[in-house]
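Student: Just passing along the structure, written as structure tokens.
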Amino acid sequence: MGTYLLFFLVCLRITTVFSAEVTDPVLCNATSSERVEYEFSTDVVGSEHIITFRGYFLRRARENYVTAALNNAGVSNWTIVQRENPAKDYPSDFDVIVMNEGGRAALDALKDHPAIRRVTAQRIVQRTIKYVQEDTNCGPNGCLYTGWRNHRRRALHSIRKPRENEGYSSRKLLRTVPRQITSVLKADLLWSLGVTGEGIRVAVFDTGLARHHPHFGRVRERTDWTGENTLDDALGHGTFVAGVIASRADCLGFAPDADLHIFRVFTDNQVSYTSWFLDAFNYAIMRKIDVLNLSIGGPDFMDHPFVDKVWELSANKVIMVSAIGNDGPLYGTLNNPADQMDVIGVGGIGFDDRIAKFSSRGMTTWELPNGYGRMKPDIVTYGSGVRGSSVTGGCKSLSGTSVASPVVAGAIALLASGVPRQHVTPAAVKQALCVTARRLPGYNMFEQGHGKLDLISAYQFLREYTPQASLSPPYMDLTECTYMWPYCTQPLYYSAQPTIANVTVVNGLGVAGDVKEVTWHPHLPHGGLLSVSADYSPILWPWSGWLALSFTVLQEGADFDGVVEGHVNITIESHDETKERTMINTTLMLPIRARIIPVPVRSRRLLWDQFHSLRYPGGYFPRDDLRAKHDPLDWHADHVHTNFRDMYRRLREHGFYLEVMGTPLTCIDTSLYGALLLVDPEDEYFPEEMAALKKAVDSGLSLLVFADWYNASLLRHVKFYDENTRQWWIPETGGANVPALNDLLSMYQIALGDRVFEGAFKLGGHPMYYASGTHIHSFPKHGVLITAQLSDQGQQIMSGEKGGGKAGAGVDNTVDVPILGLLQTDSGNREFTNDTVDKLPKHYITSSLVNLGFSMKLEVDPPPVCID
């Protein structure tokens, strides 16, 4: 059998609009229904920078530091933005500066000052919430509760409405929406014990709260950080969130006696800035907030001032709860700060205990492309059809992870008021929630984290809590499906690329600690066939750290078929949180279980090139979808377990083994693999890699190339001005680095073009959509080309035209575009002409890879030294 080259130049554009039901009543038993849609975008602010200092200083001292730095650079035309908010008279660790001259030299001078830690761009955040009116009336039965103090008086009315013919209008198994979210999680049991949230300070960072709202009794403080000189909530989102946490009437909150601190950080136009959050966070620390709910988020985990301040909040024992995002069911779409180790990231489920479609999925993508992501969310809870306070004084229902987040925040406030105060730390609370969570059957750890919130069990855990360290997940069973997806879907075998698992260390012993030692202990009789190496954060701060484990099979296990076991010991040293500050040593045990099989045949082993997949912030890499104008940056690296999850699943279903390549091609023994997959690579290939690939293909390695768009004019068209570097940013490449691929493929007389196409078409009878993809410019005559009728998207964008090329368009502006090529490198005795798929000889498709390719859903330094 010869070597095959397959080129499939397509990217599936996926647009997710989150829709959910909302009910907004004037009275508790007279509601109107709405659908809510969320959108989120972020951008830099012209001429403004955030200067982060190495400590907290008064305004005059901070100004003196800036003046000294810029005078040395000869810069005089600058202004420090005066921030008129409740934190203005307190010491601060940052300033916002507007510079009209100096450019790069001024930024360098600021960064060189010994009192200045970092200079970054000011960012603006735009969140859009749209309510669409649908239907009315929530039913005639009224509320099951009239107030939190009457928790023992339950009205057990029938929820089924008889028809005139004595039938029932509908039956929905396990889908009855409860009137009180608090009753579902059994908060009333804690209320009956006198546990009501009293004494706990809860901060709500959102859109504000009306002054005389009838649902709230203990609003201790309302502050505005936007400069709009209002504290009210014109949007209703902040009111709803606060109600889920601490409402006292109608739609009850979990902690009705908690002290609410309302931080208005979004304007009526739903705009916010990084600096507003930084000031508000500092103020929350000074006000000794216990629990902070942040029902917003975004993809920018490299907004350094924001991320650093979240760490500081945790270090000051502020328990932050944040929504993981509404970008589900796509994987790898977690929002920040919910994806941080020290934050409790919350996903959403329905009242049928199914993961909500809108709830973002893990893994985290901080670690890509060089490592593997962590398990998130931490837990899930009800976030679909949850009733909370309306801005008009009644109740309404909303759906989203921004609803699930205050459910957990309110639950934490309730728990904290009923347990010893020293037990209320970010780590202890996270351990209580995660250890006692109830796992949902049929969902993996990147969908549900540790499982569903169990309020009563968490309360019992915290009451009896002893400071301890723990691991998340607490074990690694690579055979357990479906929870341990994707590990359980592919066994280990000798000579495979390392399988990496990222475990979070939660340090309940203290805010800071050290990892002293990590050791692997194989169990008899076969554990010695498995090699486990570890990389880890030597310092645990705040309250957490990471542990990356790499699994490989030793040569002695090349023919073994069975399960192996062992455990990893992690020795931690930390000061406890008591006044004595006693040093504590503890050793955690992480059980390991894995399935090993004999080495698969070469034709079944595929190699996925992760090494050449890049994303922002390593450079300006635009999204694959050119229509995504509101946020052009490619935040998440491509990965076979995130945006290419469906492709991975299909390959495994057909008996292929997919390994992830995290090193240059020169470090890989390509003779072990049947095919190499190059999927939208952004990085270039070194000459040594190209030579190695040519040799590998000549020796029988098949090559599959999936290339996205590239066009020099479009790259200039999607440029933007970056205030951090004081220069225009032009993308490093397009959706794929087509010039680099052309260099790689030139040895086969293959070249990809620079036109960008989109449109609907059929391939092998299957409906497909080609989104922002390139085309094949030249191809050997003895190969086979597949064409499709597509629209020139690049021309449309440059000319400002609306998209076309889809079925049903009034005017056919499509062209016949070659999008898929098949080439057999040793096929000199075969004569095929470029033609359509209908004339493709059936006997030519001898490899299952080609068939699978048709069904996929897609959207200079020296090379590193290989270390054995």
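Cβ atoms here come from the backbone N, Cα and C positions, even for glycine.
Remember, TrEMBL labels are computer predictions, not curated facts.
So TrEMBL lists the following for this protein:
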SIGNAL    1-19  signal peptide
DOMAIN    44-123  domain 'Membrane-bound transcription factor site-1 protease-like N-terminal'
DOMAIN    197-451  domain 'Peptidase S8/S53'
ACT_SITE  Asp206  active site, charge relay system
ACT_SITE  His237  active site, charge relay system
ACT_SITE  Ser402  active site, charge relay system
DOMAIN    472-598  domain 'MBTPS1 third'
DOMAIN    600-829  domain 'MBTPS1 fourth'
Student: Including all protein chains shown, what's the count of other C-beta atoms within 10 A of the C-beta of Ser402 (active site, charge relay system)?
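Tutor: Its Cβ has 30 other Cβ atoms within 10 Å.
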Student: How many of the residues that make up the domain 'Membrane-bound transcription factor site-1 protease-like N-terminal' (44-123) does DSSP mark as helix, as strand and as coil?
Tutor: 24 helix, 33 strand, 23 coil
Student: Under DSSP, the domain 'MBTPS1 third' (472-598) has how many residues in helix, strand and coil?
Tutor: 9 helix, 70 strand, 48 coil
Student: For Asp206 (active site, charge relay system), which residues in the same chain are close in space, meaning a Cβ under 8 Å from its Cβ, but six or more apart along the sequence?
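Tutor: In sequence order, Asp233, His237, Gly238, Val241, Ala242, Ile262, Phe263, Arg264, Val265, Phe266, Asn293, Ser295, Ile296 meet the Cβ cut-off.
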Student: What is the number of other Cβ atoms found within 10 Å of the Cβ of His237 (active site, charge relay system)?
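Tutor: Neighbour count, Cβ to Cβ under the 10 Å cut-off: 26.
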